[in-house]
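Worksheet: one structure, shown below.
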Amino acid sequence: MNKIVVVDYGMGNLRSVAQALRAVAPEANVIISGEVADIKSADRLVLPGQGAMPDCMRSLRESGVQDAVMQAARSKPLFGVCVGEQMLFDVSAEGDTPGLGLLPGKVVRFDLRGQMQADGSRFKVPQMGWNRVRQAQPHALWQGIDDDAYFYFVHSYFAQPENSLHTVGETDYGSMFACAVARDNIFATQFHPEKSSAAGLQLYKNFVHWKP
Amino acid sequence: MTLAKRIIPCLDVTAGRVVKGINFQELRDAGDPVEIARRYDAQGADEITFLDITASSDDRDLILPIIEAVASQVFIPLTVGGGVRTVADVRRLLNAGADKIGINTSAITNPQLVADAAQKYGSQCIVVAIDAKRVAPGKWEVYTHGGRNATGLDAVEWACNMARLGAGEILLTSMDKDGTRSGFDLGLTRAVSDAVDIPVIASGGVGSLQDLADGIKLGGADAVLAASIFHFGQHTVQEAKQFMAAQSIPMRLV
């Protein structure tokens, strides 16, 4: 059976992620776990993250699962969400925090002071709400999802991949930024598929069946 | 490409039931919460807000099974407000499946709650609800307990204070307009929206689709919240979105 582990290292609400996965993959065994044994025996991993990057990295380290996650990230399909995406990079400007270094690049904060949105209103930080995702590159996980589909975002920081080939989705908020990144068996999004209604569920469904 | 403005239907919950009523009178069962939430999701609602109007704190936790049921089947952001007093309340609601927690009266009696909850769970899930009443031209005062108690606080200053303490969003209700169906207090909405760097949700007074559009275009709100125009079948969320998109407001259409 397809065993999908939502990695529990003490940060964020993992249940909505697990429930969305269960909704699209009733035949899979979706569990929320912080056990090394579960991560080792998983077929797929989802790495969520919520709150501040320094707290997330500290929690991951102290939870004792970081090594198992790193090991899994070498071969198993892994989906990073929100701060779980940001953690895959080398370093974040949030608290000058080193990340996992699975993707070259850094995480920076929106600096939109003085800029106006197209409709004349101010940019707010965090970016909170639904924004369009342009599919910068084809990817198996985009199957059945319209280019420029809306997904739900809540964030003040975003990743800047060093290698543009790692950017598979982009969103415009002040300027274009990478909102979906991928490399080999890794796919990660700044937005929240579990809160993005039909488009988000389709993305998770594609992940559940993904054979990288 | 731009961030869409949001439409948020608001559902009242009391003693574990989703109800609808006019000005808290004649509460009637509104139906199955999952079914209602699903319908709004299908119509393109960008979020759903549940307001716990339960008077007794003994019954407060009866909202948890409702949130659990909805969160297991409806995959858009859910906000829950009403009677939140402690960080433990915030945790319980988040664990039940809420994505954001509305804090109103307790933000005034205990501002530290906003700071503590934002510190622990992130600003993105803390919505400070402000009930404001106009006291002079261009001046609004914050009220608590559903508009009964004056606080002496200036609404714009209070919104800025809350943003500084860690609120991720402001849900702004005009007590003068609430229930009148004569449109948002656009002066209030504009004043707060211009003053803070976090998103502002306009609430109170929606009677027509143009009111929703005005809240964004004239009030500068990032999102608009409404209850009765959607509950009583006057309009669907879809109609509202099409109406607003036709006025060049960025909308996620489904």
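Glycine is no exception: its Cβ is also placed from the backbone N, Cα and C atoms.
Just so you know, TrEMBL annotations never went through curation; they're auto-generated.
According to TrEMBL, the protein has these features:
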- A:C82: active site, nucleophile (ACT_SITE)
- A:H192: active site (ACT_SITE)
- A:E194: active site (ACT_SITE)
- A:5-208: domain 'Glutamine amidotransferase' (DOMAIN)
Pairwise Cα distance for A:C82 (active site, nucleophile)/A:H192 (active site) [Å, integer]:
7
List the same-chain residues at least 6 positions away in sequence whose Cβ sits under 8 Å from the Cβ of A:E194 (active site), in sequence order, or say none.
A:S16, A:V17, A:Q19, A:A20, A:V81, A:G200, A:Y204
When you measure from the Cβ of A:H192 (active site), which residues in the chain that are at least 6 apart have a Cβ under 8 Å away?
A:V81, A:C82, A:F151, A:Y152, A:F153, A:V154, A:G200
If you count Cβ atoms within 10 Å of the Cβ of A:C82 (active site, nucleophile), leaving out that atom itself, what do you get?
28
